[in-house]
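Taken straight from TrEMBL:
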COMPBIAS  23-34  compositional bias 'Low complexity'
COMPBIAS  57-72  compositional bias 'Low complexity'
REGION    1-87  region 'Disordered'
TRANSMEM  163-184  transmembrane segment
TRANSMEM  232-252  transmembrane segment
TRANSMEM  264-289  transmembrane segment
TRANSMEM  301-319  transmembrane segment
TRANSMEM  331-354  transmembrane segment
TRANSMEM  360-377  transmembrane segment
TRANSMEM  384-405  transmembrane segment
TRANSMEM  518-538  transmembrane segment
TRANSMEM  545-569  transmembrane segment
TRANSMEM  589-609  transmembrane segment
TRANSMEM  616-638  transmembrane segment
TRANSMEM  650-668  transmembrane segment
Amino acid sequence: MDGLAALPSEGAIHKRASRKRTSSLASNDRSASSPPLPALHHWLGTPPLSASSSRDLAPNSSLPSSTSAVTSKNLAPGSPNAHRRSFSALYLRESTPGRKSLRNRQASNASIASTYTNHGGGENLHKSLLRSKRSQAHQEHAENGSMGRRWIRYMHKRGLKSWVVPSAVAFATLLKLALGVGSYSGQATPPMYGDYEAQRHWMEITKHLPFREWYTYDLQYWGLDYPPLTAYVSWICGYIGALINPAWFALDSSRGIETAGSKLYMRLTVVFFDLLVYVPAIIMFVKVWQGTRSKRTQEQAILLLLLQPALLLIDHGHFQYNSVMLGLTLLAVNFFATGNDLLGALCFVLSLAFKQMALYYAPAIGSYLLAKCIYLGQRHGTTLFTRLGLTVTAAFALLFLPFYVPPFAPGPLHILHPITRIFPFSRGLFEDKVANFWCASNVLVKWRRVAGEGETGRRWLVRTSTALTALGFGPAVAGLLRAGWTTRIKDHTPNTKIQAKAKADGSETTLASNPPPFLPLLSYALLASSMSFFLFSFQVHEKTILLPLLPLTLLMSAAPPGSALHNWGALGNNVAVFSMWPLLKRDGLAVPYVACVVLWNRVIGYDLVGCWEGGVVQVLSLAVYAAALALHALELVFPAPARYPDLFPVLNVLISTPVFVLIWLWSLKCGVEVAWALGGLGGSSKDRAGSPAAVEGKGAVDVEGAGTAVEGGAGARRRRVEGTGGYFD
């Protein structure tokens, strides 16, 4: 009860409230129609509603005393730490009561008391303070219960802090190797076997056949249907493997080979590319997006991302190379965060060229880059747009070069062979039982009957699924484009002082090399776009849930245990693994399924019961977990009836799909809130004419307790927003 004991007396509260009542009411009147400014939206130190329309970086703007360690020098545009603050500030402001000092808790409780008194709600003061105290206790319980945090704390106390990340990577690698000892997709199940044999067979045909036959050779037996970069990687792996043992990849005669040596080699290739692409991308993400957070918090985020159970089970259990595609996409996001848009675009092209499922991210990334071109104004924006177009076109042209240029290919039209294999619209609406809209609704509406048989029905399904998918990610795309327009820089806006500061810091920079103020929208747009594709698009596999999990887990990695965002992320990851249970069961991965889920939840400190507050996410989580456990128990005790052999997979779909739909809706809601915080849903940059004062960064941002005060360049506007947690609630 230390927080309650430190509260000011009731008389002091009323005196303080009476002094502030008039100014508070006047401030509320002025900002009644203004958008809320969550405490997490102080990107780049620029006041979001300042008088400036240019949205130039504000080198002189400052943070509250809690972040005073970040000096104005290393926050200047173009400095190495500028981008770090830009993104870690997103998460730095979230309410984390369990980590507050006694003085901060006193200030927070006093602010709550003042708020309730101002609004005539003094009778609810005690309940509010009890909720605050309970939230603090839950936060402390969550952090102390995290196995990952306890281990990191132990390493730091023993003077081994430099070994935390290498040890985490080594442990994750050992876990992947341990998973590789178990079963995999299609083990000992001729004649087609499974995904393991498909990947091995592609190494076989790329090793022995010319380019022109890669996408046409014996299509009935695992014909190559991934983009060229996968084919090139398969050729490298097949070439090296053939040097070790030619029998592993002998043309045709090696089909279905399952020797111990070949399996070890195949497993090691997955681990190698994981260490080459995905692990560095994770570490770079934490350094870039959470660079101003504590060392221990960054290390906990790395642990959370390294041990994500869904990716471990699919890549190192079931057997695939999804971490390469996800790692390249994550590298693209990291480069966007540091202002290296051309490198980011190139990495995303490589991701698309490795696995076509990366198209799930294309609407978000494409609209972000277009929004940045709009944001930069006509002159700089046109230059960036041209460079991006040339980079993307050249990259795709080089990647597909052997498939349309003689002597590698018979002619230009030969490129149609890989394209028709990459986009198989001739297949069905979905495969197996996947937890998306089509499979879940198919219980009541038989879509194939509605569409009709033949080519006409197939075209109708393709068009309908495409339209629903576009409607699903449309709000996220529109939000990014509108943010680029409302925050755009006028070509006449003076920025000579910013350039002078950049020169003084020894780093000449351009406007295009700085991240835009709407960059925080990208994470939610990636989640909304990929989840929309998973729920509504044509030809979806259960494994493609890995794509929405990437942005969801990235957002979760920065949230404190017990927060709403952390709970959403944990629920999404756990349900994603549960939704793949029919596939994992078929692969013989029941024990790794349980072990990976339990280990990950213990490492991140996810304890639904110990941190129970009765929120919507927690109630939903409790109901979903109860249903999932009940289904597992039924499946363990009772066999599926002969009349309904797919009963248990269908029930799995009906449990999982509503969760994914809610996460999709939640991502859209968060995107709207972030866009609103950028400057409201109305008006445009024309209404906020630029001024030299604003460009020089005269605005200041102040955050205290439960409120947010914003002072623009003119110093005339002041607004207070009740509540904490921002858009993460």
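Indices start at 1 and increase along the chain as displayed.
Heads up, the Cβ atoms here are built off N, Cα and C, so glycines get one too.
All TrEMBL annotations are machine predictions without curation.
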When each of 264-289, 301-319, 331-354, 360-377 is checked against the transmembrane segment (163-184) for Cβ pairs under 8 Å, which one has the most? 301-319
If you count CB pairs under 8 A between the transmembrane segment (360-377) and each of 232-252, 331-354, 384-405, 616-638, the winner is 331-354
Would you confirm whether the transmembrane segment (331-354) and the transmembrane segment (616-638) meet the contact rule of 3 or more C-beta pairs below 8 angstroms, pairs 6 or more apart in sequence? no
So, do the transmembrane segment (301-319) and the transmembrane segment (589-609) meet, by the test of 3 or more Cβ pairs under 8 Å (sequence gap 6 or more)? yes
Hey, which bits of the same chain come close to the transmembrane segment (264-289), Cβ under 8 Å, at least six residues off its ends? 83-84, 87-88, 90, 165, 169, 172-173, 176-177, 180, 196, 199-200, 233, 237, 241, 244-245, 248, 298, 301-302, 305-306, 315-316, 319-321, 323-324, 326-328, 330-331, 333-334, 337-338, 554, 557-558
